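The Ca(2+) 1 binding site annotation in Swiss-Prot covers D51, D53, S55, F57, E59, E62. If you look up Swiss-Prot, you'll see D90, D92, D94, K96, E101 marked as Ca(2+) 2 binding site, on the strength of sequence analysis. Sequence annotations record features per position, and here Swiss-Prot assigns domain 'EF-hand 1' to 38-73 based on sequence analysis. Residues or ranges marked as domain 'EF-hand 2' in Swiss-Prot (evidence: sequence analysis): 77-108.
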Amino acid sequence: AMTDILSAKDIEAALTSCQAADSFNYKSFFSKVGLKGKSTDQVKKIFGILDQDKSGFIEEDELQLFLQNFSSTARALTAAETKAFMAAGDTDGDGKIGVDEFQALVKA
């Protein structure tokens, strides 16, 4: 579970900061939720949770529901947020985010 790696308090604060539509910023979210300071293995575990179909990639539909992995009551990302997040993470242009791309995104 996310709370095995991240504190419930940090998750709540990070989610509160992006409640409004189009207010999501991956850099500030990763920082607030405490992901930035985690080890490579811990970030891989989080990636595994986000990769809901276990394909080895986070696809656009999974990215849209990104916040709901942290709390079931969180909102879905807007189309604009999802596209911006994907564009930032998908460095090889294949339309999805792999584990190495996710690591780079978290540390950005």
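Each residue, glycine too, has its Cβ placed from N, Cα and C.
Comparing CA positions across the binding-site residues D53, E59, E62, the one lying closest to K96 (Ca(2+) 2 binding site) turns out to be E59. Looking at D53 (Ca(2+) 1 binding site) and D94 (Ca(2+) 2 binding site), their Cα atoms lie 17 Å from each other. Sequence-distant contacts of the domain 'EF-hand 2' (77-108), counting only residues of its own chain at least 6 positions beyond either end whose CB sits under 8 Å from a CB of the stretch, comprise 21-22, 24, 26-27, 30, 35-36, 38, 40, 43-44, 47, 50, 55-60, 63-67.
Contacts of S55 (Ca(2+) 1 binding site) defined by a Cβ separation under 8 A and a same-chain sequence distance of 6+ are given as K96, in order along the sequence. In space, D94 is the closest of the binding-site residues D92, D94, E101 to E59 (Ca(2+) 1 binding site), judged by Cα positions. In the predicted structure, the domain 'EF-hand 1' (38-73) carries a mean pLDDT of 98. Other than the site residues D51, D53, S55, F57, E59, E62, same-chain residues with C-beta atoms no more than 8 angstroms from the centre of those residues' C-beta atoms, the Ca(2+) 1 site, are Q52, K54, G56, I58, K96.
Of all the Cβ atoms in the protein chains shown, 19 others lie within 10 Å of the Cβ of D90 (Ca(2+) 2 binding site). Taking the C-alpha positions, the distance from E62 (Ca(2+) 1 binding site) to D92 (Ca(2+) 2 binding site) comes to 18 Å.
Taking the centroid of the Cβ atoms of D90, D92, D94, K96, E101 as the Ca(2+) 2 site, the other same-chain residues with Cβ within 8 Å of it are F57, G89, T91, G93, G95, I97, G98.
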